[in-house]
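Below: the structure, in C-alpha cells.
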Amino acid sequence: MARGSVSDEEMMELREAFAKVDTDGNGYISFNELNDLFKAACLPLPGYRVREITENLMATGDLDQDGRISFDEFIKIFHGLKSTDVAKTFRKAINKKEGICAIGGTSEQSSVGTQHSYSEEEKYAFVNWINKALENDPDCRHVIPMNPNTNDLFNAVGDGIVLCKMINLSVPDTIDERTINKKKLTPFTIQENLNLALNSASAIGCHVVNIGAEDLKEGKPYLVLGLLWQVIKIGLFADIELSRNEALIALLREGESLEDLMKLSPEELLLRWANYHLENAGCNKIGNFSTDIKDSKAYYHLLEQVAPKGDEEGVPAVVIDMSGLREKDDIQRAECMLQQAERLGCRQFVTATDVVRGNPKLNLAFIANLFNRYPALHKPENQDIDWGALEGETREERTFRNWMNSLGVNPRVNHLYSDLSDALVIFQLYEKIKVPVDWNRVNKPPYPKLGGNMKKLENCNYAVELGKNQAKFSLVGIGGQDLNEGNRTLTLALIWQLMRRYTLNILEEIGGGQKVNDDIIVNWVNETLREAKKSSSISSFKDPKISTSLPVLDLIDAIQPGSINYDLLKTENLNDDEKLNNAKYAISMARKIGARVYALPEDLVEVNPKMVMTVFACLMGKGMKRV
C-alpha cells in the first residue's frame, strides 16, 4: 500500500504509533522492541501468546526480510491486519503502553471510537520547560507557572499567547510581538492569536496540517503536545549545525570529509558529540538515547567531561560528584545523576524514571539542552579545513526546507541538498501537488553499501522524468545526476516549481478549478485594493513599491477591514530599518488573518519576486474564501 493512499490524519496517527514502538528512535522496529511493547502495555496475555503475536507481526511486516520493520512496512501491517485479532492486540498494546493516557477521539476528523493517546511524561517535561522559559514574561502571568501534574497546560495554550511566545523563543523574530492580541481577549481575538501561532509554526517547519485553531482552543492533549514538541525541538536543535557552530568540526573522524559531517542530522551530531566526550573519558560508546543510557553511567561521565573546569574567565569550576555511580538501584542512580545535572542548570526534560525507562524523546531533549549549555568543544586550529564550505543556508533555502517539513515529509529535511539526494522527499512533494507517483519504481532505504548511490540516482532520474512528463515543469538541462549531487541552482529550480504549483493548486481549489497565473493574481490584488479605496497598487511581483510592504498591508486591511494599525507604520521616505519594521508587521499580520505565508520579511524588503508571489497568492486565497 503506497503512502499516497493513507490520509494525512491517519499518517500522523501511524507516525505516533510507530514512534511509540521504535523506542531507540532509529527508524525501524526490531523483534525486541515489539516484545518490549507488549510487556510495557501490561496486557493479560500469556508469554507464548506474546511470542506468537510478535513472530506473526515480524513475518507479516518485514517484507524485505532484513530482520526489522520500516515505517512503510508498518503502514502495510496496519492496513493488512485491520480486522484480525493480532491487529487488535497490537493496537491495544500501543494505546496502553505505560505512561500513555488514552482518550476517546473527539475531533470531527477522527472516526468514532478511535483513541488518541498522550504521554504524561511529555506533559510534565514540557510544562517545566515552558514555566522556566516564560517565567519573566509579563504577557504570560495569567497562566505561568503551570502545574505539571494537572491539565493546566491544555488550558493555557487556549488563547494562543504561550504558543506565540514559544515559537519566538525557538526561532527569534518569527512573530512580530505587535501582532499578538494580549489584553481583553474575545473569541475573535483568540482565534486570531491561534491563526498566528499555527501559521507561524508552519513557517518554521512544524507539521500542522491536521491541527486547527479549534483543537488548540479545546486543548486536545495529543495535538497540543505534538505541536509543542515540534516547536521545542526546533529551538533545541537550532545551533546543532556546523555553519552556526564551527566548534562541531572537532567531531570530525579520521578519513572523514567536512561534507560527510555536514550531512549528519542534529540527532546524529548529538550522538557523535556524546561519544566524543565518552571516548575522552575512556568509556564505552552509546548507540542511542534510550536503551544505552538507562543505567545513567554514560550520563555521569558526560556531565563530568562537559562541566566547567574553571579555566574560563568568569565561569567557576563545577566538580561533578561521581559517588552516585555506586548506587545499586537504577532509579536512585538516575536521581543522583540528575542532581549533578541540576548543579549545571541542566535538570530539564527527564525524571529519574524517564532515564531508566529510556524515553527516547525526552532523553534526546535532555542531551540537546546539555549540549547547548556546555558543548565543551574547541574549534580545531591546525586542521586543513576549507572554512568557506561552511556557509549556512540562504533564506530562500531555509524557506523551501521549512515548507517541505511543514507538509510532513518523511524523513525530515535538515540539509536541503544532501537530504534530497535520493529524491524520496521530492516524490512525496509530487503527491502533494497531485502528480501520481508509481512507488513500485522507487528504491527505498536502507540502500546497500555497494551500488547504493546508483539506487538513489535511479530515483532522481525518475523524479526528473515525472517533473517533465507529468507535472509539465520546465526542467531544461536538469538531469537526475544534478539532484543526486546536490547542484544548488538546478535543485532549487525544481523545488521552486513544486512550491509554486502547490500554492497555485490551493488557489485553483478555492476558485472552483479556474486556472491561475501571475497576471490573474496581480489583477485580483489591484481590484481588491481599488474596491477598498486603498491608494496602493502593484504592476508586478517586481514592483519596487513592494519594498515598503504597504501594498501587502493595504491588501490585508482590505481583506479584513480594520485589522491593520497604521499608527505602527512608516509610510513615506522609508530607510531600510523602517522597511524591515513594516515587513515584519506585514508577514505576521498575513498569518494572523489566516494566510499560511512561508516568506520572510526580508523577501518583501528586497522584493524577491518568487516569494512575493507566494505572499500575494496566499492572501488571494484568504480573500477568496471570505467572499
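In case you wondered, yes, glycine gets a Cβ from its N, Cα and C as well.
Features of the protein shown, as given by Swiss-Prot:
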- Asp22, Asp24, Asn26, Tyr28, Glu33: Ca(2+) 1 binding site (BINDING)
- Asp62, Asp64, Asp66, Arg68, Glu73: Ca(2+) 2 binding site (BINDING)
- 9-44: domain 'EF-hand 1' (DOMAIN)
- 49-84: domain 'EF-hand 2' (DOMAIN)
- 120-236: domain 'Calponin-homology (CH) 1' (DOMAIN)
- 264-375: domain 'Calponin-homology (CH) 2' (DOMAIN)
- 394-503: domain 'Calponin-homology (CH) 3' (DOMAIN)
- 515-624: domain 'Calponin-homology (CH) 4' (DOMAIN)
- Ala2: N-acetylalanine (MOD_RES)
- Ser5: phosphoserine (MOD_RES)
- Ser7: phosphoserine (MOD_RES)
- Tyr28: phosphotyrosine (MOD_RES)
- Ser30: phosphoserine (MOD_RES)
- Tyr124: phosphotyrosine (MOD_RES)
- Ser257: phosphoserine (MOD_RES)
- Ser290: phosphoserine (MOD_RES)
- Thr291: phosphothreonine (MOD_RES)
- Ser323: phosphoserine (MOD_RES)
- Thr353: phosphothreonine (MOD_RES)
- Ser406: phosphoserine (MOD_RES)
- Ser474: phosphoserine (MOD_RES)
- 380-624: region 'Actin-binding 2' (REGION)
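Using CA atoms as reference points, the recorded positions Asp66, Arg68, Ser257, Ser474 were checked against Asp22 (Ca(2+) 1 binding site), and the closest is Arg68.
Contact between the domain 'Calponin-homology (CH) 4' (515-624) and the domain 'Calponin-homology (CH) 1' (120-236) is supported: at least 3 Cβ pairs lie under 8 Å, counting only residues 6 or more apart in sequence.
When the C-alpha distances from Thr353 (phosphothreonine) to the binding-site residues Tyr28, Glu33, Asp66, Arg68, Glu73 are tabulated, the minimum falls on Glu33.
In the structure as shown, the Cβ atom of Tyr124 (phosphotyrosine) sits within 10 Å of 19 other Cβ atoms.
Using a 10 Å Cβ-Cβ cutoff, Ser257 (phosphoserine) registers 12 neighbours. Separating the Cα atoms of Arg68 (Ca(2+) 2 binding site) and Ser30 (phosphoserine) is a whole-number distance of 5 Å. In terms of C-alpha distance, the listed modified residues Tyr124, Ser323, Ser406, Ser474 place Ser406 closest to Tyr28 (Ca(2+) 1 binding site). The candidate set comprises the modified residues Ser30, Thr291, Ser323, Thr353, Ser406. Of these, Ser406 has the most other Cβ atoms within 10 Å. Secondary structure from DSSP puts Glu73 (Ca(2+) 2 binding site) in a helix. Comparing CA positions across the binding-site residues Glu33, Asp66, Glu73, the one lying closest to Ser290 (phosphoserine) turns out to be Glu33.
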